[in-house]
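Okay, structure first, notes after.
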Amino acid sequence: MNPNQKIITIGSASLGLVFLNVILHVVSITVTVLVLSNNVTGPNCNGTIIREYNGTVRIERITQWYNTNIIEYIERPSNEYYMSNTEPLCEAQGFAPFSKDNGIRIGSKGHVFVIREPFVSCSPLECRTFFLTQGSLLNDKHSNGTVKDRSPYRTLMSVEVGQSPNVYQARFEAVAWSATACHDGKKWMTVGVTGPDAQAVAVVHYGGVPVDVINSWAGNILRTQESSCTCIKGDCYWVMTDGPANRQAQYKIFKAKDGRIIGQTDVNFNGGHIEECSCYPNEGKVECVCRDNWTGTNRPVLVISPDLSYTVGYLCAGIPTDTPRGEDSQFTGSCTKPLGNQGYGIKGFGFRQGNDVWAGRTISRTSRSGFEIIKIRNGWTQNSKDQIRKQVIVDNLNWSGYSGSFTLPVELTKKGCLVPCFWVEMIRGKPEEITIWTSSSSIVMCGVDHKVASWSWHDGAILPFDIDKM
């Protein structure tokens, strides 16, 4: 062959191969369509698939038409039932770590809020950490002066338990410098107190929407629990204080359903002082262990019935659990009156276990450092000094702070009793350390059927931050 014939032959062969390739593709597509259209055992391409995601608030409905997806979003209905919360507390032999947020350590380089007063509360699906922000971030100029309790910048926000109070995962709840929150089984209810000291207002949110308000009745810093409120069979209960922090004030119990106040009662407690109650459900009642900021180093106890009748007194145990306090050996205990003659105080908690009590307290008698929980035999009903168990949570070389109670509902645990849990705030910065800010992180513990070793789950942040050196 001459060169021209070779070129023509090669070109013809190439065109033939291309034509054959096209025919093979057409045959392949035709066979595929015929097989899929006649495959009665295959998936229904014309059907509807429902996928429900617990982590969202919607149902995803996907209608499939061959390779075309039409996606519709329909609102997920709210939970059908209220939580009962009438079960007894589980007996706890010790307390195991549930979560630790390490917010201040992370906040040295991360976008973490300056906070105080963190607390935990649970729904049938999850537990959340609530906290009062200062409208500023750690290691930022706006953190200056955040030792102040009340300002127009403070808000109640929340994250899933264990997460740091960071900008990216936090959910806004209410404008507040004092707050409480709880879940009735259907929706979250929050109570946020804000406004001027003499005319503060508490706004009740239900499902994220403002539903009701409580105006200051005594004109002296209306305030509430700084820990979880308590819902029983759809009714939610919490305690509020209005009046002086260092002498007789006024106290009220509130009851709400779906965020609307349906009842309230005054607590008659002449000579006693109630603030910042830590409450939990137990056998159909609400049991609260509170703070006496006037004179007592023993803690007030308030037990609330569904009809808003109540009993009020003091934790009977012969061991004091407030701070500051005197020596254990010099304390006698009383079920009815304040003892100790020590002003000031700190938010704390206790759990009734039959006639016994688990009670938390700082290890230091004079400052907010260290934390331990002790079990006192017959301490709920008698002036007992019989300390039968102790577990250290934060050693006395490290700062602690407020502490409070909550329970794990049976819907979460599948138990026949409510698991007692508590959190400990670990305050860092002013007034004890050389910084321009005050903030905190927290450790959360829950009751278990076994003894748990003492350790120190302290905050661990290295101070000062860069902003403190400027």
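The backbone N, Cα and C atoms fix where each Cβ goes, glycine too.
Keep in mind the model is a prediction, meaning the values are calculated, not measured.
What Swiss-Prot records for 11-32 is region 'Involved in apical transport and lipid raft association', and it gives sequence analysis as the kind of evidence.
According to Swiss-Prot, the transmembrane segment annotation covers 15-35, on the basis of sequence analysis.
What Swiss-Prot records for Cys90-Cys417 (among others) is disulfide bond. Of all Cβ atoms in the shown protein chains, 22 besides its own fall within 10 Å of the Cβ of Cys90 (disulfide bond).
Among the features that Swiss-Prot reports, substrate binding site is placed at Arg116, Arg150, Glu275, Glu276, Arg291, Arg368. All protein chains considered, the CB of Arg291 (substrate binding site) has 27 other CB atoms within 10 Å.
Residues annotated as disulfide bond in Swiss-Prot, with sequence analysis given as evidence: Cys122-Cys127 (among others). Secondary structure at Cys122 (disulfide bond), as computed by DSSP, is strand. The number of other Cβ atoms within 10 Å of the Cβ belonging to Cys122 (disulfide bond), over all protein chains shown, comes to 22.
In the three-state DSSP reading, Cys229 (disulfide bond) counts as coil. The disulfide bond annotation in Swiss-Prot covers Cys182-Cys229 (among others), and the record cites sequence analysis as its basis.
Within the same chain, residues at least six positions away from Cys236 (disulfide bond) with a Cβ under 8 Å of its Cβ are Cys182, Asp184, Met189, Cys229, Thr230, Lys255, Ala256, Lys257. Sequence annotations record features per position, and here Swiss-Prot assigns disulfide bond to Cys231-Cys236 (among others) based on sequence analysis.
Swiss-Prot lists Cys277-Cys290 (among others) with the feature disulfide bond, giving sequence analysis as the kind of evidence. The Cβ neighbour count for Cys277 (disulfide bond), using a 10 Å radius over every protein chain in view, is 33.
Taken from Swiss-Prot, the feature disulfide bond covers Cys279-Cys288 (among others), and the record attributes it to sequence analysis. Counting Cβ atoms from all protein chains shown, Cys288 (disulfide bond) has 28 others lying within 10 Å of its own Cβ.
Taking Cβ-Cβ distances under 8 Å and a sequence separation of 6 or more, the neighbours of Cys316 (disulfide bond) in its chain are Gly333, Ser334, Cys335, Gly379, Trp380, Thr381, Gln382, Asn383, Ser384. Annotation source Swiss-Prot lists disulfide bond at Cys316-Cys335 (among others).
Of all Cβ atoms in the protein chains displayed, 27 besides its own lie within 10 Å of the Cβ of Cys421 (disulfide bond). Under the DSSP three-state reduction, Cys421 (disulfide bond) is assigned to strand. Swiss-Prot lists Cys421-Cys446 (among others) with the feature disulfide bond, giving sequence analysis as the kind of evidence.
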Sparsest-packed of the listed disulfide-bonded residues (Cys231, Cys446) - C-beta count within 10 angstroms: Cys446
Residue from Cys122, Cys231, Cys288, Cys290 whose C-alpha is spatially nearest that of Arg150 (substrate binding site), among the disulfide-bonded residues: Cys290
Distance from Arg368 (substrate binding site) back to Cys231 (disulfide bond), taken between C-alpha atoms, in Å: 31
Nearest-integer angstrom distance between the alpha carbons (Cα) of Cys122 (disulfide bond) and Cys277 (disulfide bond): 17
Closest of Cys127, Cys279, Cys290, Arg368 to Cys446 (disulfide bond), Cα positions, recorded positions only: Cys127
Most crowded position, judged by CB atoms within 10 A, among Cys127, Cys182, Cys290, Cys335, Cys417 as disulfide-bonded residues: Cys290
